[in-house]
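*Asks:* Summarising the annotation, TrEMBL assigns domain 'Lipoyl-binding' to B:17-99. Per TrEMBL, N6-lipoyllysine is recorded for B:Lys58.
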Amino acid sequence: MSAQPVEPVALRNTPLHDLHLRLGARMVPFAGYAMPLQYPAGQLKEHLHTRQAAGLFDVSHMGQVVLSGPDPDRIARALESLIPADLAGLKAGRQRYGLLTDESGGILDDLMVARFDDRLVVVVNAANKRADAARLRERLPAEIAVEERPDALIALQGPAAEAALAALAPEVAAMRFLDVRTVTLLGAPGFVARSGYTGEDGFEISVPAEAAEAVAEALLAKAGVMPVGLGARDTLRLEAGLCLHGADIDPTTSPAEADLGFAIPKVRRRGGARAGGFPGEARILQELEAGTARRRVGLRPEGRAPVRAGAPLLAEDGTPLGTVTSGSFGPSLGAPVAMGYVAALHAQAGTRLLAEVRGQHLPLVVTPLPFRPATFKRD
Amino acid sequence: MLRFTDEHEWLKLDGEIATVGITQHATEQLGDLVFVELPKVGAALIKGAAAAVVESVKAASEVYAPLDGEVTEVNDAVAASPETVNADPQGSGWLYRMRLKDPAAMETLMDEAAYAAFTQ
């Protein structure tokens, strides 16, 4: 058994830190924060419980960047110069997935853009939030105020999420997948998005830091709601086929390589009304039409052994094909699952590959993503 | 005789055969196990070299041979149901049995009180 390295870094605490300690969480450093890896129930139970009832996750380490000042139409248009999504077409009360791209066509971050009556709110990954905010400040017109909010962010995910949150704010029951709205929770002003990172129906709830603990405790008191740590969050998103920035996508991967073409709609592609006009457009648009030499795929190992990030992928004849970028055991599937990049010729579903794990070659099969169908409330 | 290593394995000696597993403390650190890879019966083990692998949802960890010897038996039940190791790490969750090259070397390892102090 190898010893755990101790990181001598000063960690920041989220507004729910004391609650995590009271709940018996095992805290680990993540993106500069002390975060709960798991609670006493453990990762497997936390994962399965989220799919069966509801999990409450502290995701306050993520960045919430408010863009305000001019008319939100103008903000949305300006943001399209950095994100190849249809943001001008995003209606108030709606949210959309997008990619922050760089000049070489790589992915600086993936994010959610929400539009409200008077502003846009961009939710970004914890490790990138400072860089993202700096890029927005630098590249957007000076009339747009870019403010990183210190608010708490709580994800409530799973089939019991709606009833639990509606007990505090009945209006959320009428929301559909990717709706956003401002709410008052226990007297505190906040906003709710009907989305998440688990493949389950659920919500992400933004509240002021000082209200976070009361809101979290009120939700944990509802039927079926259990605290869930980052460990289970990772296996939930992996089963849902969702990318983790820094693992599955980063500045060295392009949207087409990452199979994220859905995030770039026709209107921003060649021939579209607002084609191009974002960093890396030449490479990104060309690749969406012509394809790429490698592609992100889902992988299911045939045996029981998990195949983890970094494992080399080979063709059955031993030719190197790529690398695993995420891999673990999928508790809801009762089997290991992984994602990785392979040469495009071997990216067809059903292709058998080998992964090198501790000197052995383990067979796995290219599998369509998600591994498990999402249960979003679409209508 | 029950002994412990600073790599969080336990050994229980019966004659010249030692039953080997990972400690309660180790399972608490690792979390829920989802995969166990055991050595082959007959494999020669060298103290400090990898003898088995236990994987939790989060990570893979090697289990090092606590002493020199030869594998005489493996616990196939934990390979089929890794959760057994979490449920009863120092009982039905044992990993393998080995014939010790030098049973007297057990004395170089920690007894229960020393291990308890070590994990404080």
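A Cβ is built for glycine as well, from the same backbone N, Cα and C atoms used for every other residue.
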*Asks:* Starting from the Cβ of the residue listed as 'N6-lipoyllysine', draw a 10 Å sphere and report how many other Cβ atoms land inside it.
*Replies:* 23
*Asks:* What mean pLDDT score does the domain 'Lipoyl-binding' (B:17-99) have in the model?
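*Replies:* That stretch averages a pLDDT of 96.
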*Asks:* May I have the DSSP-based helix, strand and coil counts for the residues of the domain 'Lipoyl-binding' (B:17-99)?
*Replies:* 17 helix, 35 strand, 31 coil
